[in-house]
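Asks: From Swiss-Prot, for reference:
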{"type": "BINDING", "residues": "His194, Asp196, His274", "note": "Fe cation binding site"}
{"type": "DOMAIN", "residues": "147-306", "note": "domain 'JmjC'"}
Amino acid sequence: MDRETRTFAERYYRDLRDPVPSGGGGPTPSGVTFIQTPNAFSYADFVKGFLLPNLPCVFSSAFTEGWGSRRRWVTSEGKPDFEYLQQKYGDAVVPVANCGVREYNSNPKEHMSFRDYISYWKDYIQGSYSSSRGCLYLKDWHLCRDSLVNDLEDIFTLPVYFSSDWLNEFWDVLNVDDYRFVYAGPRGTWSPFHADIFRSFSWSVNICGKKKWLFFPPGEEEALRDCHGNLPYDVTSTELLDTHLYPKIQHHSLPIEVIQEPGEMVFVPSGWHHQVYNLDDTISINHNWVNGCNLPNMWHFLQQELQAVQHEVEEWKDSMPDWHHHCQVIMKSCTGINFEEFYHFLKVIAEKRLLVLEQGLKGDSGDSRSLDLGLQQAAFDIGRLADVLASVVVNPDFQRVDTSAFSPQPEELLQQLEDAVAAAEAL
């Protein structure tokens, strides 16, 4: 990030009415921008045109032309190279969802060896895309986290546009998880209607095959809720024509449809609900990521999640000792993170950015790997962290969290960030 882009981004957030927005974007677009040429599209262009206004876009296959996975995982006919994949990753244990079975608003999963999944996939194709085992979709395979393969860095090259990735930076520090996934499945596999975890951004690249995306801008999903307040499993279902079951359906807008070709890269903004279909035999690489641009959306989402938990167990509020603590425990189980872990997430990123800024102000470049996007990015990140942490520390539910063992204390960390924001004005 350069100084001009940082200034632009900081002004953008100052001009917002609510310093911690509830998670929308700009005006609803009529279509999605297609970005053709890598050399003609900068990181600053992406920040200003898509990241800040929270709008989707599609990058051409030229952006992923050098990826090893596009050379090795795919045959000359553009199909999955089953023989190579089975030889390379056959022993890996992978999660597989049955797209033909609904379990709440998702699909039931099982685990099998990648070798067995490839065998199923080949049989499925030979059976005219049908099987008594159902329509199985390999989803959420943590290849980067789990693989013992030595050449993982050649599978893909992280595009600079997505390199400010706090979510995976945090989990890499803990060395226990990540949000980098491989998806693979035959024609007809699909993902039900959803918004991405923690209201993260995501990006998705088709290594081979073709996808159809149905996008709904933030807020549009409200018209799709049924009379009980639940979102649909499948937005194309004729069930949605029942106005008694879906009383707001007449107010809904048509989705924005995107066809993603082989090699193309889709940017999914924060809070955009979507439904995705594989139109061909398809393999994709997908990342979820959070940074200073959607951190407020993540914080807003976590507050909503806690409120939902509190509503469900409201009747035990007066009789259950440590009711607020139990709500945090339930939230952690259901959402994957609670307020305590969110503070730890903020702290890890904040301390790394404060170190980069301290080194920069001293004229010491330090470890160049500490932040690929540079000193101005660190300064911008610190400002966003300060804004959100200021909201966190005054939140009544966070104030009920036992922070006695936190180091530094939240108020102390906030002061460090605010001091750093002031110091960064000179950069």
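Yeah, the Cβs are placed from backbone N, Cα and C, and that goes for glycine too.
Are these features on the surface or tucked inside, and what touches them?
Replies: A sphere of 10 angstroms centred on the C-beta of His194 (Fe cation binding site) encloses 15 other C-beta atoms.
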Asks: For His274 (Fe cation binding site), write down the residues of its own chain that are at least 6 apart in sequence and whose Cβ falls under 8 Å from its Cβ; none is a fine answer.
Replies: Phe193, His194, Ala195, Trp213, Leu214, Phe215, Phe216, Val268
Asks: Can you give me the residues near the recorded Fe cation site, meaning same chain, not His194, Asp196, His274 themselves, Cβ no more than 8 Å from the center of the site's Cβ atoms?
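Replies: Everything else in range on the chain: Ser191, Phe193, Ala195, Ser202, Val268, Trp272, His273, Gln275, Val276.
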Asks: Give, as a single whole number between 0 and 100, the mean pLDDT over the domain 'JmjC' (147-306).
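Replies: Averaged over the domain 'JmjC' (147-306), the predicted model reaches a pLDDT of 95.
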Asks: Give the three-state DSSP assignment (helix, strand or coil) for His274 (Fe cation binding site).
Replies: strand
